[in-house]
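Presented below is the structure to which this report refers.
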Amino acid sequence: MKWFLTRLCYLAVIAIFFYASYGFANYFAAMRQNVPEIFFSWERQIPFWAWSIVPYWSLNLLYGFGFLLCKSKAELKRYTLQLFLAQIIASAFFILTPLQISWQKPESSGFFGFLFDSLLAFDKPFNQAPSLHIILSVIVGSLYMSKARQIWLKCLLFAWFALIVVSVLTTFQHHFIDIPTGLLVGFLVLLFVPLDGEILKPKRNFVTPRHLKQALIYGFFAVLSLFVALAARGWVLWLVYLSASFFLVALAYLLFGCEIFRKGQNGRLQTAAKILLFPYLLVARINIFYWLRHNSLYDEILPGIYLGSIVAAPKFSAIFDLTAECEYRPRNAQIYENFALLDMTQPSLIELCSAAAKFNELASLGERTLVCCALGYGRSAVVLAAWLTRYKNFSVQEAIDLIKSSRKMAVIEGYEDLLQNFKKELKC
């Protein structure tokens, strides 16, 4: 009973905050003159479905019942934090960049009419982008999906939440642009504040000149794609998706490291990361196939030890994966270890020590083992060279020569000083 009351208290607090902040944003927008409206001409063809007010309203029930689904206080706090963060972000946009929908809804009667009247009792035609309804659909839907075990139930939940998303249009509550902006904010909340796992926080003392260079490159393309999207408008606005994806990658190099990819020891990226980073992940995958189209996927360095691309991973019994951005689903019979490093960067001595030690544990199993990154040219080559110097008594130059003789495209130039320092720090 105590635990039930605790959950009700959390619900009451967040509900009060919800209605207070949402109502204030509506009031603030109503006080302004000439509140803008953004919509595409094709939206005039969207039908009004009175019955869709039912899935629209159902989010309120699912929102509240979600507190009762939380099985621990930690999960309850995290769910509450997600909702609080969503409210803060949405309200900030509603106040700073208010938008409206001026379309008149057709008359509705009966039960549907009652639901529309109840909605109009506290809502106004403001608080548009990003749609808070969409943001909450992502967050609440994620909670429910995490609780479902059967495939049929997951499919049913997905279909219902998809219907909720569609209903914001068919009830004439929102314009289309409110949906992708709402999805963006919703998945950002899940990325930075997952239901389980660590909250994404800036890392200290990990940025090197290589990190800054990559951050500037991705930051430049993020700004460029955003500029093109806003200048061209229309369907070109989808480039904002590319911009957001590249901006997150820039933040990975500048602040958050590999954790922004949310890659687990099962080789998979969390759903929020996959969705938000999809444009970048697609470009990265194309890049892999482009560079490897005329080259070998892997090469043998020592008997049973191979260096190569993660694309070749299905051919091996043991895989040491150094990518943060490449998803891989190991087979049941495979031994898999992920030690994520950002591409095109120089690992720290601590990272190199840890990676070499982890790989040695894997290599000592005697299986046909692949150490890999995206191409098998950079991160994996450096870690393999460190392993050769520490555990196979190679000199730095001998390790480099061995790797280069077997995998000629490996890029170890520029890492000699790092490897020499690593050689001196064998106590690690």
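Cβ atoms are placed via backbone N, Cα and C, with glycine included.
Automatic, uncurated: that is what TrEMBL annotation is.
Residues of the same chain lying 6 or more positions beyond the ends of the transmembrane segment (7-28) and with a Cβ under 8 Å from any Cβ of it are 64, 67-68, 70, 76-77, 80, 83-84, 87-88, 91, 94-95, 98, 122-124, 126-127, 132. What TrEMBL lists as transmembrane segment is 7-28 (among others).
Here TrEMBL flags 48-69 (among others) as transmembrane segment.
Look at TrEMBL and you will find 81-101 (among others) tagged as transmembrane segment. Long-range contacts of the transmembrane segment (81-101) within its own chain (CB-CB distance under 8 A, at least 6 residues past either end) are made by residues 14, 17-18, 21-22, 24-26, 28-29, 32, 35-39, 63, 125-130, 132, 135-136, 139, 172-175, 178, 185-186, 189-190, 192-193, 195.
According to TrEMBL, the feature transmembrane segment maps to 126-144 (among others).
Long-range contacts of the transmembrane segment (151-170) within the same chain: residues 43, 46-49, 52-53, 55-56, 58-59, 131, 133-134, 137, 140-141, 144-145, 176, 178-179, each at least 6 residues beyond the stretch ends and with a Cβ under 8 Å from a Cβ of the stretch. Marked as transmembrane segment by TrEMBL: 151-170 (among others).
Positions annotated as transmembrane segment by TrEMBL: 176-195 (among others). A Cβ distance under 8 Å defines the sequence-distant neighbours of the transmembrane segment (176-195), meaning residues of its chain 6+ beyond its ends; these are 38-40, 43, 75, 78-79, 81-82, 85-86, 89-90, 99, 128-139, 142-143, 146, 165, 168-169, 237, 240-241, 244, 248, 260, 262, 270-273, 275-276.
Marked as transmembrane segment by TrEMBL: 215-232 (among others).
What TrEMBL records for 238-261 (among others) is transmembrane segment.
Per TrEMBL, the feature transmembrane segment maps to 273-292 (among others). Same-chain neighbours of the transmembrane segment (273-292): 184, 187-188, 191, 218, 241-242, 244-246, 248-249, 260-263, 309, 311, 325-327, 374-375, 377, counting only residues six or more beyond its ends whose CB sits under 8 Å from a CB of the stretch.
The feature domain 'Tyrosine specific protein phosphatases' is assigned by TrEMBL to 350-418.
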The transmembrane segment (126-144) versus listed stretches 48-69, 215-232, 238-261: most Cβ pairs under 8 Å: 48-69
The domain 'Tyrosine specific protein phosphatases' (350-418), counted residue by residue under DSSP: helix, strand, coil: 41 helix, 5 strand, 23 coil
For the transmembrane segment (215-232), sequence-distant contacts whose Cβ falls under 8 Å of one of its Cβ atoms, 6 or more beyond its ends: 207, 238-240, 242-247, 249-251, 253-254, 280
Confidence summary (mean pLDDT) of the domain 'Tyrosine specific protein phosphatases' (350-418): 93
